[in-house]
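Student: Could you have a look at this structure, given as structure tokens, before my questions?
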Amino acid sequence: MGGGVVVLMGLVLMMPLLVSGGGHDYGKALSKSLLFFEAQRSGVLPSTQRINWRSNSGLHDGKASGVDLVGGYYDAGDNVKFGLPMAFTITMMSWGILEYGKQMAESGELGHALDAVKWGTDYFIKAHPQPYVLYGEVGDGNTDHYCWQRPEDMTTDRRAYRIDPQHPGSDLAAETAAAMAAASMVFRRHNPAYSAELLNHAYQLFDFADKYRGKYDSSITVAQKYYRSISGYADELLWSAAWLYQATNNEYYLDYMGRNGDSMGGTGWAMTEFGWDVKYAGAQVLASKFLMQGKAGRHTAVLERYQQKADYFMCSCLGKSTRNVRRTPGGLLFRQRWNNMQFVTSASFLLTVYSDYLSSSRQRAVRCASGYASPSELLNFAKSQMDYILGDNPRATSYMVGYGSTYPQQVHHRASSIVSIKVNPSFVSCRGGYDMWYNRKASDPNLLEGALVGGPDAYDNFADERDNYEQTEPATYNNAPILGILARLSGGSRGFNQLLPVVLPNPTAPMVNNTGMRSSPRIKPSLPAPVKKTFSPITVEQKATSSWSYKGRTYYRYSVSVTNDSGKTVTDLKLSLAKLYGPIWGLSKSGESYGFPRWLKSLPAGESLEFVYIHAASPIDVGVSGYKLV
């Protein structure tokens, strides 16, 4: 975690790639990347929750302060809710939807993407109970990092921290305003009342940020060690004004960008990074969009200077500037050792949308210090970064958990590294989690599907170890920018105009299962009846929990509970599974039989274990072929 204004140097020639020639399933990667946000949810989980190993958590957040702060997202592998990176996450998810919502709908993922945004904005509405009050953190990193616990077991301090006129935080308030403004456009067609509510919060938060100026980490000092605002708040004010102008067409916000562009650095800072702390490049790209749309008005000359800096950012990523972003030998953009991937995905998103803005405006090239860069060159380079992430790299490993045949197994993430509370409800203590789970040299018991980890070092090296938090910790702001990129790449190169007003299609939310298959929202097969068998003293009950259709076939997700009805502990359990043709999770296979999963050694009296499988038929035959009672 962390970031700041650091300019990097380095030059590597870019190898041209063809957007249409990749071997990756970008649609599948998009589906998985959205699942990660469900694993990061705090609060009361909805009935549509697909990451089933998670449960409710943080149910008393804000109570001690007299405010309801239940909900929102955990930012990374810990259990703190940090407001600044959470707001940036929502802004970037919204931006991706606004640009490539059509492609998301075609992939069947627009509904899931909208749900992901709304989970954040619902929380921000709670966190902004008064015009000049915003809660910016729940919990603190110091006490949280002392413990290794599931979110469901938290015993750490859940104190809430806020900004107000006496304790300002312009960067935090402005970024949250940007998130609310961007999200208001996302929901404008499908939920106009909610959209108007978000926009009202955005107005108030921008006013708060501009009127009471100060860095948020001077007011919420517990954030300094984890999310210090190194760049200050001027970039967030410009970025937020840009989003409010895009959302409202209100000339006040364009005037704000025009009047303050020079003094706040929008026209002066030539950046080689973009992320949760440093927003200049994002504001410069949006200013360039307004210019290309003919919406600059009397501020055309100022917005042209913004665009010069946007061009500089693109050139520096491509290695065609006077100061270039460093790359690994394998071609990955590299800024820092700790969670470098956040900068890769954010930069790749800007390259992607800028490419499409240029193409839509018929502006054919960016002028760089070392020649010109065409829109297709920008997009191809962004694609090369996604392909590296998904497995085209010297280690031939995917840095997205659950994608490809090889991916990180020991993720630095409390919830995924500890057995699900649904499998073993035994309390995991603060320090006991380190002894039992953190130090295990084994794969995580829960698959953190879609999570994008910190990634390799400057030489493409990567150590898949849980205590290697610099490389194996995921974060929401790693994933947020890739939603738009993956949607764009999955949609191909069919003609569209990114400078036209946003009109999102109707969302569909088909179920996406762990095999990556998508269902049709129009087909709702009936579920088979539950099956219950008793093998004294063990009962096996299985039932279908969901279904979908794919290429003319109906698939079912079955959940199987194995219950110990005896008064003793069951060990050495052996199950026989007949007529199983699909994937299975929650058991370990030994020879022709199945036994306890690797994290479970026995089944106490009265306890149950659960496993699931996918099947395009009626339930399989489950039998008990052996066990011991002790």
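Cβ atoms here come from the backbone N, Cα and C positions, even for glycine.
Annotation source TrEMBL lists signal peptide at 1-21. Taken from TrEMBL, the feature active site covers His412, Asp464, Glu473. Residues annotated as domain 'Carbohydrate binding' in TrEMBL: 538-618.
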Student: Please report the distance from the Cα of Glu473 (active site) to the Cα of His412 (active site), rounded to the nearest angstrom.
Tutor: 5
Student: Between Asp464, Glu473, which of the active-site residues has its C-beta surrounded by the fewest other C-beta atoms within 10 Å?
Tutor: Asp464
Student: Within the domain 'Carbohydrate binding' (538-618), count helix residues (DSSP H, G, I), strand residues (E, B) and coil residues, in that order.
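Tutor: Across the domain 'Carbohydrate binding' (538-618), DSSP assigns the residues as follows: 0 helix, 52 strand, 29 coil.
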Student: In whole Å, how far is His412 (active site) from Asp464 (active site) when you measure between their Cα atoms?
Tutor: 9
Student: State the count of C-beta atoms found within 10 angstroms of the C-beta of His412 (active site), not counting that atom itself.
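Tutor: Here the count is 24.
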Student: Across the domain 'Carbohydrate binding' (538-618), what does the pLDDT come to on average, as a whole number?
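Tutor: Over the domain 'Carbohydrate binding' (538-618), the predicted model scores a mean pLDDT of 82.
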